[in-house]
Amino acid sequence: MSGAGGPAECSWKRHVVEQLKQRDRVQRQAFEEIIHQYNRLLEKSDLQAVLSERLQTDKFDHQNRHDLSPGVDAGRADALLQEMAQIRIRHQEELTELHKKRGELAQNVIELNNQMQQKDKEIQSNESKMLQYQQRISELEAECRELRSSLQDLERANQTLKDEYDALQITFSALEEKLRRTTEDNQELVSRWMAEKAQEANRLNAENEKDSRRRQAKLQKDLAEAAKEPLPLDPDDDIEVLQEDAAEATGDTSPGRAISRTPSRRISQPPPGGILDSISNIFGRRRSVNSSPDSTEAETHTGVCAEVRLPSTALHTFDAHDGEVNAVCFSPGSRLLATGGMDRRVKLWEVVSGRCQLKGALTGSNAGITSIEFDSAGSYLLAASTDFASRIWTVDDFRLRHTLTGHSGKVLSARFLLDNARIVSGSYDRTLKLWDLRSKVCMKTVFAGSSCNDIVCTEQCVMSGHFDKKVRFWDIRSECIVQELELQGRVTCLDLNHDRTELLTCSRDDLVKIIDLRSNAVRQSFSAQGFKCGADWTRVTFSPDGCYVAAGSADGTLFVWNVLTGKLDRTLDKNHSSAINAVSWSPSGTYVVSVEKGSKAVLWSDI
């Protein structure tokens, strides 16, 4: 800084000296004439003084001569006196003029001195400003040097970042290429894995089929041996006669085929237990209609209610989950309510005095819940999830009992079969799987050809609703499609009435339809002004007696139709703020619950 300040100090000093010299030159030119006149006045004044002395001397000499020579000519003397008087007068006038000019010049000198003082003040002010400017210039030069230094640092940092960016770009390109290769390898591995899974499923299906044929052959042998033994009958006994005998002979496995019972004589000696068990396995387990206490309890357990209450009032509106609620289901006894949401939990609620009280949460799922169902006893709860798995919990202790994995896409629906020992799951991967809960393995895998959105089951038939607008009927024993029924929109939901003779469907063409399973034809269609199916997994429901249908709309309105009249009975539109995803009617017929894409659930009744 000292080295840089030395030349700057010398430069401003030289500048000041040059300014002073310039001022001297300018002011000297302005006052040079005045000074010259002043010098002339001084010279004339000196000349006047000299002349006065000479005149005085001449006067004294003349007087002396006059005194010495009184006879000199008087006329000459008078002429000389007049001449001298005239010279004196002229000199006096010149002197007066010179004094006047002297006064004027003195005044000019005073004014010029004042101007010089003002100029000196201006020069001092300019010099102080110059000093300030010089200091400011020094500060700005220092700032410029700092900015240049910062700029150099930034340029070096920018170059470093540019080099790092180039290196990262090269690394990114390499990683992108590696990702591409890894993706290709992953796709190849997935393809191989799917092929191996298909082969494994085919092998397992073949083994199960072989085992089934062996059991059937053994059963036929046992039946042949049993038929050889005559059995006396009691005329007071009742024996079930199943029309499925003829159906199995002709290949007809319609799920709506009825059961006829004829009176016969009582069997005096029961046949061997193994034969009766085998017959039960062939024709499925059916409830006998008699007056025994066990029969009455079983009928009550199926949930056929004495009276259905048509919902009209929202008893309780509550936040069921943190986020979207996808599924809802009542337990067989109507005491518990289960909800499933995108927060990966299944929550159990106890319905007490028209309000839902949280009883507990079932955890273990790694993704959102899409479907939930209780078993017929209400002891177990089955839930399907978007993490490609289905899970089973015990309701009493909230413990996770089974996790069934094997699908390659999100599981959209899972249902218990009537024996509660097997379940069927449908997935986005376009397959249906039959699971045995005793061995915890997949017994059969069926390729459906389209994403399965919902499933319902009868004793030997599975009905599935698909993305390709079709409802498919599957025979569990032969794992083949019995029949297909195509609707006008993507099927979102299936539900059965209490006697399993009618199938309720909901589709994206905003229609709710009832299919008669005895004729496999659409019997009724329901629609309403403002009703719109809000999602591919919108769930609708029958009332427990099959006389009403409840469905939720995309605008948050709950619609209830009368099946007998085909007309709309209720429109409830004040409690939901988003699309209704699912509706469930309690088996007792007292309550209806609806859940929405928001976090709310609403408990309805006519109380």
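In case you wondered, yes, glycine gets a Cβ from its N, Cα and C as well.
Marked as compositional bias 'Basic and acidic residues' by TrEMBL: 200-228.
Taken from TrEMBL, the feature compositional bias 'Acidic residues' applies to 234-247.
Positions annotated as domain 'Autophagy-related protein 16' by TrEMBL: 15-205.
Under the heading region 'Disordered', TrEMBL lists 200-279.
Within the chain, the repeat 'WD' (318-359) has long-range Cβ neighbours (under 8 A, six or more residues past its boundaries) at 301-303, 365-374, 376-378, 381, 383, 385, 393, 395, 398, 537, 539, 581-588, 590-591, 593-601, 603, 605, 607. Marked as repeat 'WD' by TrEMBL: 318-359 (among others).
Here the repeat 'WD' (362-403) has Cβ contacts under 8 Å with residues 301-302, 324, 326-333, 336, 338-348, 409-416, 418, 420, 423, 425, 427, 435, 437, 440, 454, 537 of the same chain, all six or more residues outside its ends. Among the features that TrEMBL reports, repeat 'WD' is placed at 362-403 (among others).
What TrEMBL lists as repeat 'WD' is 404-445 (among others). Remote same-chain residues near the repeat 'WD' (404-445) are listed as 190, 194, 197-198, 201, 204-205, 208, 284-285, 367, 370-371, 373, 375-377, 380, 382-392, 451-459, 462, 464, 474, 476, 479, 537 (criterion: CB distance under 8 Å, separation of at least six residues from the stretch ends).
As annotated by TrEMBL, repeat 'WD' applies to 540-571 (among others). Sequence-distant contacts of the repeat 'WD' (540-571), counting only residues of its own chain at least 6 positions beyond either end whose CB sits under 8 Å from a CB of the stretch, comprise 303-305, 308, 310-312, 493, 495-499, 502, 504, 506, 512, 514, 524, 526, 528, 530-534, 577-589, 592, 594, 596, 602, 604.
If you look up TrEMBL, you'll see 573-607 (among others) marked as repeat 'WD'. Confidence over the repeat 'WD' (573-607), given as mean pLDDT on the 0 to 100 scale, stands at 90.
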What is the three-state DSSP composition of the repeat 'WD' (540-571), stated as helix, strand and coil residue counts? 0 helix, 16 strand, 16 coil
For a three-state summary based on DSSP, what are the helix, strand and coil counts in the repeat 'WD' (573-607)? 0 helix, 17 strand, 18 coil
